[in-house]
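All remarks here apply to the structure that follows.
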């Protein structure tokens, strides 16, 4: 069964149409590349999946159930995580601190799930009188495990300020793993980093796939899409013009589809 | 992933640097060193510095700057600033004065002065966090408003009559506790306690962690679900609480309140926190830094007086330390490739 299914999604802003009739399925352990020129509607589509925008038409199903996503927090609680283009990391904090940002482990909240609750739910009953102290050891340990799982050499105690672009990506991706998501959306993860680091990030995406997570990779870099994706979806002017297995396509064809030299495939 | 041994070694080396290397990379170490050198020099150069009376004065003065400095450090860590602390000190002192002058008990004056200060902080916090105005402008406006309201409250009278609980008020702010034969001024004890609490909160609570995150990357904090607005409001209320405490203690110490109370305090306090290692760009700062910065400023002030140098020179010294502190920050960041 599809982890995520979009049926006839459309998005209008007044008279302007950003997306028209987009249908898309996403299976567990599948990496789908979402490509298209600037303004093709990639960001709008991702923001709909991430719960930032409501679609004007159409429906979203998770595991076969039609759902309404009320904001990014709701999407996150339903198993959809997003890695933002600028990664949303605080440079002055350690890798572990960034992974646990907003859901820090404490003497009261022992799991990330507990830590995500607001304090009036965390500190019920007798816990109200307990001092809530950060559990540094627990957070370093869990962060170390996540990096090991991703086969990244990033260390939990290092400051993000001192990290390479690839290591920063590892931190942002490890953060999504904290809540065992079903779907990870990645917005241009290879846009501003060196060649060696790109290889590192693509490996991270493969690790997510191995864990059975469905990944949507938004990218301008066609070679990266071909290196790591199973399937690719091409958007042009708000419409889906292609949805095919990477093995059945070629970079030339995809470029043609993006620019409009090829109408559809 | 390839194992690049040389790179790994290089990274490891950086984490496993010696204790000494770590120590000299800390701004607070150098400031602490400056404080110690200044103290030794003053003990050698003058007979008046190491007298109990002088030390009593120095530590008490420094405690007032230190208390507000702790709150200011928390604000500066979030990347904010509070210029209204001096005026909040006046509001707190005036509230204490009016209530006690009317013959009401000190048990009412303490909560009332703190509540008045917290209200100032709440207004600052709401305008900054919820309305989204720049902290500099909001607190600049509040500095003017709070001082003017304080003046209105005083009716331009110098008040030195504090009703039936006057003796208690004076003994809290001006008194001391004798520890091992040495009189420790009460404000110093309050500062030490507050420093311990603040230091603990910054390092060991989610609130503290969130302050650093907001200062480091506010957008990231919002996206990851940190309650940014609530944290920001709380931090402006915290600094206002510190200012309120200072206002109350200082009233008891001076025994009178004028409309000039706390004038210029905001700049001294900001100077102390910056000297102590907090960056106005946000994301860095410690409780110990605020205390050590305040100590350095007070020792400079005291030394100049004792050495017979015009106190007009104080600004030059304090200003030079601020610029030196920022310059050393810049140099260190260059080392780490930023």
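Placement of Cβ uses the backbone N, Cα and C atoms for every residue, glycine included.
All annotation found in TrEMBL is predicted automatically rather than curated by experts.
TrEMBL annotations:
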TRANSMEM  B:28-50  transmembrane segment
TRANSMEM  B:62-81  transmembrane segment
TRANSMEM  B:87-110  transmembrane segment
TRANSMEM  B:122-146  transmembrane segment
TRANSMEM  B:184-202  transmembrane segment
TRANSMEM  B:235-255  transmembrane segment
TRANSMEM  B:267-297  transmembrane segment
TRANSMEM  B:304-327  transmembrane segment
*Can we call the transmembrane segment (B:267-297) and the transmembrane segment (B:235-255) in contact, meaning three or more C-beta pairs below 8 angstroms at a sequence separation of 6+?*
no
*asked:* Using Cβ atoms and a strict cutoff of less than 8 Å, what residues sit near the transmembrane segment (B:28-50) while being 6 or more residues removed from its termini?
replied: 275-277, 286, 288-289, 292-293, 295-296, 299-300, 302-303, 306-307, 321, 325, 328
*Sort out for me which stretch, of B:87-110, B:184-202, B:235-255, B:304-327, has the most Cβ pairs below 8 angstroms to the transmembrane segment (B:62-81).*
B:235-255
*Beyond the flanks of the transmembrane segment (B:87-110) by at least 6 residues, Cβ under 8 Å*: 68, 116-117, 120-121, 142-147, 149-150, 153-154, 159, 161-166, 168-169, 240, 243-248, 250-251, 257, 259, 261-262, 265
*Could you give the residue numbers and ranges of same-chain residues that sit at least 6 residues beyond the transmembrane segment (B:184-202) on either side and whose C-beta is under 8 angstroms from one of its C-beta atoms?*
56, 59-60, 62-64, 66-67, 70-71, 73-74, 77, 172-178, 208, 211-212, 242, 245-246, 249-250, 253, 286-288, 290-291
